[in-house]
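The transmembrane segment annotation in Swiss-Prot covers 31-51, 61-81, 100-120, 135-155, 175-195, 206-226, 244-264, 276-295, 300-322, 356-376, 389-409, 418-438 and rests on sequence analysis.
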Amino acid sequence: MNTTTYIGDCRISFFNISSQGFWDNLKSPDVVFGYSLPLLEIQIILIFFCIVMSHMFLRCIGISQIASYMIAGIVLGPQLFDVLEKSSGKLSVDPALDGIAALRCISVFGTLMFTFLMTVRTSRRVAFHSGKLPVVIGIVSFFAPLFGLGFQNFFSDNIDPHYMPLTKALGERTAIVITQSSILLPSTTYILLELKIINSELGRLALSACVINDILGIFSMIVASIQATYIHVSHATAYRDTVAVIIFFLVVFLVFKPMVQWVIDRTPEDKPVEDMYIHAVIITALASAAYFVFFNMKYILGPLMIGIIIPEGPPLGSALEAKFERLTMNVFLPISITFSAMRCDGARILSQFNDIFFNIFLTFLILVIKLVACLAPCLYYKLPLSESLAVSFILSYKSFADFVLYEAVLDDTYISQATYSFLILYSLLNAGIVPTVLRRMYDPRRKYVNYQKRDILHLERNSDLRILTCLHKPENVSETIAFLQLLSSPNLDFPIAVTVLHLVKLVGQINPIIVSHDKKLKRLNKDSYIHTANLAFRQFVLESLESVTVTTFTAFSHENLMHEDICTLALDKTTSMIVVPSGRKWTVDGLFESDNTAIRHLNQSLLDRAPCSIGILVDRGQFSRKSIVTSKKRYIIDVGVLFIGGKDDREALSLVKRMKNNPRIRVTVIRLVFDHEIESDWDYILDNEGLKDLKSTEDNKDIDYIERIVTSSVEVVKAVQLLAEEYDLMVVGRDHDMTSQDLSGLMEWVELPELGVIGDLLAARDLSSKVSVLVVQQQQQRT
C-alpha cells in the first residue's frame, strides 16, 4: 500500500468494533480478535511489553531506549511472532480492511505529530546565526553524497531479473543514495540530547548544519514528488500539483502566519494560550497532511511547513509542547517506530543477500562520502580533529526518523523488502554503536580543563576581578547585588567586571540560545523580571561610581544542561569565580521554606566541571536586606571567614581580603586549630603563609584575626553554631583536610554535600541563626 494513502484508510467500517469479551465464546476465545478494538488493544499491549523487556536489558549496557523500540519491532516481526501477518486476516468480516489498518493509522499519526512538534520546537534562527561553517557543512553534506548516483550503474549486468527488473533495480539504488544522503533533524537532535551536548558549541554547530540540510531536503522532496508524478502519472497532474504547492505556501505565509502572530500578540504574558487556538493549530497540521496526500506528495510535508511557521517557545510553542509532547513521545512515537521495525524481515536479507549486496556497499559508500563531506569544512575552519570527527558522526547518524523515508520508498515499491529490512537493521546498529563511539571520542568536559590558574588566590594584587553570577528567580537579584556590594568600593584599587547570566528553562523549543542584553531582545518586555533585574544592576553600577562594570546575558537552556552555558560563558569571559544561588529558600523570618532540587543538581554539575573557582550563596534574607539598608545608612555588615585549612579555605580568604577596602563591612577571620595538626604538612605550610599578614598587627589593620583550639568534631559543631550568631555573612571553603577524623565523622550527617561539612552546618534547617553563607571551591585542576 502506498504511504501517501495511509490517511485515506479512515473509512466506514462494516465490522464490529467491540466484542463481548473472552467469556462470550469459551470454546474459541480467540474469536474476540475478530473485532477491531480488542485486536488493536492486544497489539499495543504486545508492543509496550516487548519495549519494556528489551529496555530492561539494554539500559544495563548503556543502549538508548530508541533501540528498544526497534528491537521490540523486530521481535514482533516475521522473525519471531509475525504479529502483522497474524493480525492481517483476523477482521475477515471486511477483507478490504485488514487487522493492521488501525495500528497503521496510529503509527502514521504518531509520525505526523512527532514531526510537527519537533519542527515547532526548532529555532529557524539557529541556521543562519552561527557563522559560515554550519552553512558550508549543511550545503556540502547535502550535495556531496549525491555523487553516489554515479555508482548506481556499477555491476548492473549482475542484477538478477527474478529479483527486480533492471530499470527498477537502478531506481532502487537511486532511492538508497537519496535516503542515505539526508540528515534529519529529529535524529540529530535526539543524539545530541542523549549525549547531553546540545548546549555545547559542537551541538549548536551540528544543529545549525542539520537545519540547513533539512531546508534543502524539503525542497528537493517536493521537486522529486512532482517529477515522479510528471513521469508516472501525467503532465497535467504534475502541473496541478505544482500549483497546489504554490497556493499552499502562499496561504501559509500570507494567511496562517499572520493569524498565528495575532494569537501570540493577544495572549497576555504569563497567561496560557486559549485551547481553541491550540486545537485549531493541530487541526490545521492534520489538514495540511491530507492536502499533500491529495496532491500526490508525502503527508509529512504539510506538518513540516506548518511547524516552521509557528514561533518556538512561549506562548504558543510551549503550549503545544505541554499539551501534546508527553502523549506523542511516550505513546504514539514508540508505536510508530515499533510498527516500522515490525516490517523488517531478517530472513529476506539472508535469502537475497547476493541481490542486495551492492545496495549494502552503496549504503556504506554514502556513509564514507558524508563523513568526509562533513569533516573537510570543519578541518578547513580549524576545528580540532576530535571535534570535527564528532560533528561528522553526529550528522551521519541514521535513526528512527529515517524510517519515514524508508517506508515511503518501500510502499512506493522503489526498494525491495530485503533492502528495507537491511536499512532498518542498519539504523538499529547506528542507535547502538554511534552514541558509544561519540562518548569515547568527544568528552565535553575536556574543553573546561584549564592549564592556567583561574581563581582569586593567584590573581595579581591590582588585577581585574572577573565574576560570573547566575540568576534563576527574582529573589536571586537582591542577594547577588548584596554580595557584589561587599567587593565594590569608591576607593577600589582594582576594577570588577561582572557578568550576569539569567537562566531560563527552555520550553517549547529545542535549540538553546544565549542572548546578550547589549542587543535588542524582542522576547522580553518591560514587565518581565529579567528587564527589572537589568535595571537593578544598572542602578548598582551607578552607585558604585563605575568601579564595577556589568554585562548581562540570558540563557534559554534545557534544565539538565544549564551548566554547559555557564561554563562556556565563564571560559569566554575568563572569569575567576562563578557565584550561584544554593536553591534553598527561606522565609522573611529566616525559616526554612523549600529546596530546589534542579538548582542543587546544577550546582553539583558546576562543581565537577567549572573552569574556575565557584561560590554557592545561601541567603537567609537578613544579609541582603541589611546590605540594601547599609547602602543608604551607616550600618556595618559583619563578615566572618571560618578557616580550617586547605585550598578552598585559602581561596575563601583571598576573596574576603578583597573586601577589606570597603568601609561598610567589618571582616573577621576565625581559624579553628586542631591540637594534633602536623606542622610539616604542605597544606599547613601554605595555610600559614596565607595567614601570615593577618597575624601581624602592624601589616594588618583592616581584618581581625582570631584563633580557637578545638579537639573534636563536637567542638567544631559548637564553634560553628556560636559563630553563626555573630555574623551577617560567613565565608567558608567547601573541602578541608578530610584525613582528619575530627571532620570526616561529620560527613555522615551532611544533608547538602555540595556545600561541604561546614557549609552544610551553617545552612542547616534547624539552625536558629539568620546568617547567610558563601561556600567557596577553588578551581579544580583536571588532567
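From the backbone N, Cα and C atoms, a Cβ is placed for every residue, glycine too.
Across 100-120, 244-264, 389-409, 418-438, the stretch most heavily in contact with the transmembrane segment (206-226), judged by Cβ pairs under 8 Å, is 389-409. Between the transmembrane segment (244-264) and the transmembrane segment (100-120) there are fewer than 3 Cβ pairs closer than 8 Å, counting only pairs 6 or more residues apart in sequence, which means the two stretches are not in contact.
Between the transmembrane segment (356-376) and the transmembrane segment (418-438), the number of CB pairs under 8 angstroms, six or more residues apart, is three or more, so the stretches are in contact.
Of the candidate ranges 31-51, 61-81, 100-120, 135-155, 418-438, 100-120 has the most C-beta pairs within less than 8 angstroms of the transmembrane segment (300-322). Sequence-distant contacts of the transmembrane segment (100-120) (same chain, at least 6 residues past either end, Cβ-Cβ under 8 Å): 6-7, 9-10, 36, 39-40, 43-44, 84, 87-88, 185-186, 189, 285-286, 289, 299-300, 303-304, 306-308, 310, 312, 317, 320-321, 324-325, 328-329, 331-333, 335-336, 339-340, 403-404, 508-510. Contact between the transmembrane segment (61-81) and the transmembrane segment (135-155) does not hold: fewer than three of their C-beta pairs are under 8 Å, each pair 6 or more apart in sequence.
Here the transmembrane segment (418-438) has long-range neighbours at 62-64, 66-67, 70-71, 73-74, 172, 176, 179, 191, 194-195, 340-341, 343-346, 348-349, 351-352, 355-356, 359-360, 363, 390, 393-394, 397-400, 402-403, 406-407, 409-410, meaning same-chain residues at least 6 beyond its ends whose C-beta is under 8 angstroms from one of its own. If one looks beyond the transmembrane segment (276-295) by at least 6 residues along the same chain, the residues whose Cβ comes under 8 Å of a Cβ in the stretch are 4-8, 112, 116, 240-241, 244-245, 248, 256, 260, 263, 301-303, 305-307, 310, 316, 319-320, 323-324.
Taking Cβ pairs closer than 8 Å, the transmembrane segment (135-155) reaches residues 127-128, 170, 173-174, 177-178, 180-181, 183, 205, 208-213, 215-217, 358, 362, 365-366, 369-370, 372-374, 376-378, 381, 391, 395 in its own chain, all 6 or more past its ends.
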